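As recorded in TrEMBL:
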- 404-460: compositional bias 'Acidic residues' (COMPBIAS)
- 465-478: compositional bias 'Polar residues' (COMPBIAS)
- 486-499: compositional bias 'Low complexity' (COMPBIAS)
- 63-140: domain 'Prepilin peptidase A24 N-terminal' (DOMAIN)
- 395-514: region 'Disordered' (REGION)
- 12-34: transmembrane segment (TRANSMEM)
- 54-75: transmembrane segment (TRANSMEM)
- 171-190: transmembrane segment (TRANSMEM)
- 202-222: transmembrane segment (TRANSMEM)
- 242-261: transmembrane segment (TRANSMEM)
- 282-298: transmembrane segment (TRANSMEM)
- 342-360: transmembrane segment (TRANSMEM)
- 372-390: transmembrane segment (TRANSMEM)
């Protein structure tokens, strides 16, 4: 019994052993290294600060991974219009998960990737997302609590080996605001990771969770909205600057989204086709870029876009291990394209920039309010070339219910289609030949009818001439046998007529002969 239990729990025990070993190595190794290089700090005195680091990272990792577990639920339920509240349950057998099975990452390892009730496999998507969300948010929280990340932070308690977190009210508020923003960025990325359009309800949550707190608490701006920092500028109480920060962030996100959209959604046209698929992808892209724009300022957004572009080219092997959720309409994308990969890279790039904001802001060539206009313009020019790298074909949805089709079946279908096309062509040729023969026969018949009609007309004409001749013969007057003239003609000859002049002479000559 005990042996079987140990065998089942072996993955969990190995994971816990690895975690404790890593924590012990960090505490002892870092304390030894720092005491060796610091003449005023001994080994024992540095163990406590490093133990605080481990406790802080452990707490942040557990809390932020729990947020990642909740975001998995959001990515599944919100596009379907379901409530994100309630206990987590198995999507196959619908049994609610036990509390010990719902621990981020460790619960999946304890169950060996299978449901406790139905024993069906649980997707690796859950532990991967929980770990990535926990890791990125823990990195931001650790650096901000130790005053390592924010620009213009005048208090740096980490100057020596004995640094420790500085727990102040504004710093806790800043960390919570950034954690909220990263959670929303991850929620949008996980929904777009499945090729699903962002729900409108999520847009309202983003406005309420990011815009209103910044306007109400301008300290969350950290940096000004102007291209160059005004002299002695501080964020406290700058309500007008907070409003301008929101406006410029949205304008910058729209510009960057339209530029990157030339490669990720080239068919987008908000004017002529506002409800089209490409336009929907462009709107989602603008909303996802709005988060880093409002957190870091419009000046730094081109740098974040370039970071996300590089990450989208490197994260393909990781995304191949994350299953694609079935879409609300019962269909899913065949494969993830550049749009999904770039969406997944945006929260990672934003978290990295937040964690290392102060050292990056200090660089003279990094685009920010501290660098001047030249680095901003150069980064923007590089951003214009991003569509040449990120080209998406917009995957076509395929039904999840259809069985897979192998290559042989596709070849047979292609051959059958070709045979049908050939038969249709042969039938069309035969029909064309029959039509041509029928036209020739009709033409011959028409010619014969015309010839018969001409012959009939000729016969009728001849018959008419003969009838006219007979009629003329019957109607001609009798001739005088002696003179050869008509009996009905006048007896007096016409003067000047030679024929009449000769008739009396001939008559008299006849009489003398007698």
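Using the three backbone atoms N, Cα and C, a Cβ is placed for every residue, glycine included.
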Looking only at residues six or more beyond either end of the transmembrane segment (54-75), which have a C-beta under 8 A from one in the stretch?
23, 26-27, 84, 88, 102, 104-105, 125-126, 129-138, 141-142, 145, 165, 179, 183, 186-187, 190-191, 193-194, 325
So if I exclude everything within five residues of the ends of the transmembrane segment (171-190), which remaining residues of that chain have a CB under 8 angstroms from its CBs? That is, six or more out.
64, 67-68, 71-72, 74-75, 78, 129, 133, 136-137, 140-141, 144-145, 147, 150, 198, 202, 205-206, 209-210, 213-214, 217, 219-220, 222, 284, 287-288, 291-292, 294-295, 343-344, 346-347, 350-351, 354
Which listed range (12-34, 282-298, 342-360, 372-390) shows the maximal number of Cβ pairs under 8 Å with respect to the transmembrane segment (242-261)?
282-298
For the transmembrane segment (282-298), sequence-distant contacts whose Cβ falls under 8 Å of one of its Cβ atoms, 6 or more beyond its ends:
178, 181-182, 184-185, 188-189, 192, 197-198, 203, 206, 210-211, 214, 221-225, 245-246, 248-254, 256-258, 260-261, 264-265, 268, 270, 304-305, 339, 342-343, 346-347, 349-350, 353-354, 357, 368-369
Residues of the same chain, at least six outside the transmembrane segment (372-390), with any C-beta under 8 angstroms of its C-beta?
227-228, 256, 259-264, 299, 302-303, 305-306, 309, 312-313, 338, 342, 364-366
Intrachain neighbours beyond the transmembrane segment (342-360), with Cβ under 8 angstroms and 6 or more residues off its ends:
132, 136-137, 139-140, 143-144, 148-151, 153, 178, 181-182, 185-186, 188-189, 192-193, 222, 260, 264, 284-285, 288-289, 291-292, 295-296, 300, 303-304, 307-309, 311-312, 315, 319, 366, 368, 390
Count up the helix, strand and coil residues in the domain 'Prepilin peptidase A24 N-terminal' (63-140) according to DSSP, in that order.
42 helix, 4 strand, 32 coil
Over the domain 'Prepilin peptidase A24 N-terminal' (63-140), what is the model's mean pLDDT?
89
